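Annotated in TrEMBL:
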COMPBIAS  1-14  compositional bias 'Polar residues'
COMPBIAS  21-30  compositional bias 'Basic residues'
COMPBIAS  31-41  compositional bias 'Polar residues'
COMPBIAS  42-66  compositional bias 'Low complexity'
DOMAIN    225-293  domain 'Plastocyanin-like'
DOMAIN    404-507  domain 'Plastocyanin-like'
REGION    1-66  region 'Disordered'
Amino acid sequence: MASCGSTPPTSTCRSAPATRPSRRWGRFRTKTSCITTTESGRSTSTAPRRASAATATSMWMPSMSPDPIDNAHRNGTSDPKGDTGMIFKQPFSRRDLLKFAGGAVAIVGTGVWAGNILLPEAASAAIGDPDLYLAGTDGWIFLPKTPAIPPFHPDVLAPDPFTTYIFGFRNVTGLGDTQLTNQKNKAQHSAPMFWTKQFDPAHPVDFTVQLTNLGLALRPDLFDAHTLHWHGFRNVIPFFDGEPSGSVAVRTGRVFSYVYRPREPGTYMFHCHVEDVEHVQMGMTGLVFVRPLQDGQNIGGHTQFIYNDGDGSTGFDREFAMFLSEVWAEAHWADAHIQLPQWSDYRADFGLLNGRVYPDTIAPNAPIDAAASIHALAVQTDPVSGDLVAPVGHPELQYQPQSSLVNCNAGETVALRFANLGFREQAMTLAGIRMRVVGRDATPMRGRDGTDTSYETETINIGPGESFDVVFIAPGHTGPGFDTYMLYNRNYPATNNLAPGGMGGQATEIRVYAPGGLRAQAYPNDLGV
Ligand SMILES: [Cu+2]
């Protein structure tokens, strides 16, 4: 993707001449970076993590007026270095934080930035409860045990039936506090896929994700913070970017809410940005996408789209996310055994699609709570412990709940959202079906004058940090049963599970059923059976 950073091309927060608003902005940025060294408070909520649950979160912040604008004013005159705020501390409520940082809400609402870099915009509704609750922790996943890579794979510390130590995220929406703390050492890979709708200035609603850092059960000595970084996402300010030297990081036992106003639809990825080579490789990565405002209109026979295309050219009947990641067994073993890998020796032993290797990629999703899958693939959880319910017949995939199987009916338009947060470029090929690339890096394939630059291909070459949006028309059904087409990586080492001659890794199947054979999708990656 174009940029790991958060500064949009139109933003002047780094490059603007020192106009008065920009100077104040600079002060503001200084202040926000101070917060990195402070801590968000622990949630004191005992209610389940639902939209209706009130979460009281406090935070220690540099001394400042409850009104950040006033504070910025003061510092602009009496504190040329903008660092007096580091000296004193006073309690700072979550509401204050959101008012301070979230920002855009209070700042733009008062018109402070009008005429500078942000378009005027009505203030948002009152800060509500988060739309999604994520937790960061460690855990164990399953990868094929043979051939072994002694002593790294399978890891002798792994509880049966698992093989590989990970760091990762979990969707903890709906869990109570005890259930939440139970999820320590129960991370999943890849991270929970989630989505939201493009921000609508006419009906401003912020999208809020609360992140809890549960700590690492196997490595209590590693008191690493975690963050949520939407890679390639154009934040207006870096406060919620998740890059820890320029924004907040969530330390062990702490809670923080990220607030988003996604302006550009398309497919993104997210990852923890703390010690990011390590935390990304260890599994704190997943796919996130933004639905366009055009959704719901009937354009070109579709009501769901990838972009605001105006003509239905990115419309689809079914959608499937394909998140590419890699596992270097030695690095995972090293973190479990209190060792340090030599990252320059990096090799990808396993290529993963949605956190699994073929043929596990075609195993079903874990049981999904369709009604709860509003903003994320909500895997059903044990009603007592809150732990993930494993896919039917696959206890070893309990913490790899996301299937990569593509089920569709003949003649349907299918959207595939690819994102790669492995460290190597890959070449995903769909044998026998032409894919049309309609978007890259959350940008529709249109020239500045609107020229259609989409193209057909059988292979997409997708580098680390890149995303692709493609659509294809499911071919006619010949049956009986379903017709199978292979979607696989042409990069052989990413497709062999280390076994000679075997099919594995980043591969899955497209299964085409007779027209009407599958019900409509209820959520992304729904198999419709
Ligand atoms: Cu992390």
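Just so it is clear, glycine is given a Cβ too, placed from its N, Cα and C backbone atoms.
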From the DSSP assignment alone, can you count helix, strand and coil residues within the domain 'Plastocyanin-like' (225-293)?
10 helix, 24 strand, 35 coil
Calculate the per-residue pLDDT averaged over the domain 'Plastocyanin-like' (225-293) and state the result as an integer.
93
Provide the three-state DSSP residue tally for the domain 'Plastocyanin-like' (404-507): helix first, then strand, then coil.
3 helix, 50 strand, 51 coil
